Amino acid sequence: MGRDRGGYLVYKLYRGLSHCLSPLIHLHLRFRRFRGIEHPLRWRERLGLPSLPRPPGPLFWFHAVSLGEGLAAIPVIKRCVQRRPDVTVLLTTTTLSAFEVIKDLLPSGVIYQFTPVDTPVAMDSFLGYWKPNAVVLMESELWPNLVMSAARNGIALAILNARMSLKSFRNWSLPAVLQLMNLMLSKFSLIIPLSNVQAVHFQILQAPPFSIYFAGDLKFAIEDSLSSNREVEILEDLKVQLVNRPVWMASSIHKGEEKVIIGVHKMLKKIHSDILTIIVPRRPRLGQEITREWRNEGMSVALRSNNDKLMPQTEVYMVDTLGELRSFYRITPIALIGGSLLPGLNGHNISEAAAAGCAVLTGHHVGHFLNMVLEMQRINPLSIHQVAGKVELCEVLTELFSNSGALEARCRAGRQAYHALSNGGLRSVKCCTKCKGTCKENGRGTHVLLVHPGSEWKRLRLKHNQLECKNISRLIKLYPRGERK
């Protein structure tokens with residue numbers, strides 16, 4: 001009870017502060033709209049003001065921050081719509097880039113809005129209007145006003161693909177905010193962590209023991225059949241233009257990584273004079289900046305947004321558009337997943353490239369995607385190759401271009417690992433939901449869950465009979481016995 005009182009006190013301070021800052025947040029949203037970061041017509045949805053009517057009947061609210069989380073939510077939403085046609089699904093995202101891509105991929109009848117900012121007025125207005133029966137958060141969106149307002153209104157709460165970075169975990173562990181985190185986590189009925197390490201983070205932060213269940217990384221369940229007829233036409237046209245040319249792709253490139261990519265391109269050009277490097281920057285504006293810079297240096301760069309044609313002399317194809325990444329994975333034999341080559345970056349989803357049959361490369365700075373890398377490498381070591389820098393990346397690409405057998409083996413390994421991990425994702429969510437009622441505390445027996453946070457094995461005692469869930473039993477066997485200390 002003392003911990004709850006402390007948590008409520010911290011929450012009241014947060015609620016008061018966020019209320020006082022509401023005018024500044026409003027101005028900040030207007031500034032973002034002026035810069036083109038917010039939707040020019042629908043930006044008021046971020047203030048909790050709806051733009052569509054609420055249908056009658058039960059409603060489930062799915063919230064995802066950006067494109068990756070939104071795509072991971074789509075298979076779950078489709079399953080929900082199939083099994084509960086009486087339920088209306090509301091999906092919210094924060095970023096404009098997510099909106100541009102996801103709005104055309106949702107099932108009929110799903111409502112799409114922008115996420116309200118976490119101020120008392122905006123969140124209370126949003127919840128009061130939509131009146132959801134359940135809130136499903138994707139990954140790491142633990143906002144105090146959202147969680148506490150939903151709980152106060154008797155709305156069920158769940159987190160799918162739950163994760164937090166090591167930095168966030170340390171921040172939430174600070175005495176000043178730990179009680180608030182304890183309070184928020186106590187409001188969740190279901191927490192499905194991204195990995196066993198993430199499960200330990202939530203357990204240490206005192207999430208309710210019977211709320212944590214395992215389903216694997218839902219990003220493996222992102223559907224590989226979301227191409228429109230237009231995308232199919234694009235693929236056929238590009239395939240013709242790329243025939244008989246050595247091609248590789250660098251996707252989700254962040255600022256600074258382009259220097260590594262262009263350095264590798266120049267080294268490869270000495271061996272393959274007709275090589276084409278496809279670059280998909282994380283932000284379209286970055287692609288346009290890089291294009292101007294490289295053209296000034298005399299390079300031949302085709303810009304996707306200008307509908308530039310691929311000519312025989314084109315060296316770099318800059319894809320500065322949204323929503324076409326997976327189309328390019330399907331026509332490129334080798335894909336380097338960016339956001340991973342420089343310190344401070346946290347990687348991106350590698351499963352999409354693997355699903356498309358690419359030979360997948362990535363750097364070592366992959367953040368929470370490390371679990372995805374390790375899982376795929378566990379199934380097949382050839383599925384993912386991590387490179388340390390420009391020299392190693394050039395060596396690997398040179399080998400793949402000169403050895404068709406090695407290239408095919410890596411493409412096949414990536415597909416194999418992807419399908420092995422994607423087949424159980426949504427089924428595990430269903431299984432964990434069923435297990436929820438069977439995992440009962442026995443009051444005296446304890447189990448030991450072996451985990452691997454960082455470099456040392458530690459033991460975490462679970463004071464409930466949670467190991468009756470088969471998914472958790474499999475988790476114990478994730479690492480070979482010889483690795484446990």
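Backbone N, Cα and C define each Cβ position, glycine as well.
In TrEMBL, annotation is done automatically, which means it is predicted and not curated.
Copied from TrEMBL, the annotated features are:
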- Glu69: active site, proton acceptor (ACT_SITE)
- 42-221: domain '3-deoxy-D-manno-octulosonic-acid transferase N-terminal' (DOMAIN)
- Glu139: site 'Transition state stabilizer' (SITE)
- Lys219: site 'Transition state stabilizer' (SITE)
If you measure between the CA atoms of Glu69 (active site, proton acceptor) and Glu139 (site 'Transition state stabilizer') and round to the nearest Å, you get 7
Cβ proximity for Glu139 (site 'Transition state stabilizer'), under 8 A, sequence spacing 6+, ordered by residue number, returns Ala64, Val65, Glu69, Ile159, Leu160, Asn161, Ala162, Arg163, Leu194
DSSP output for Glu139 (site 'Transition state stabilizer') maps to coil
Cβ density check for Glu69 (active site, proton acceptor), other Cβ within 10 Å (all protein chains) comes to 26
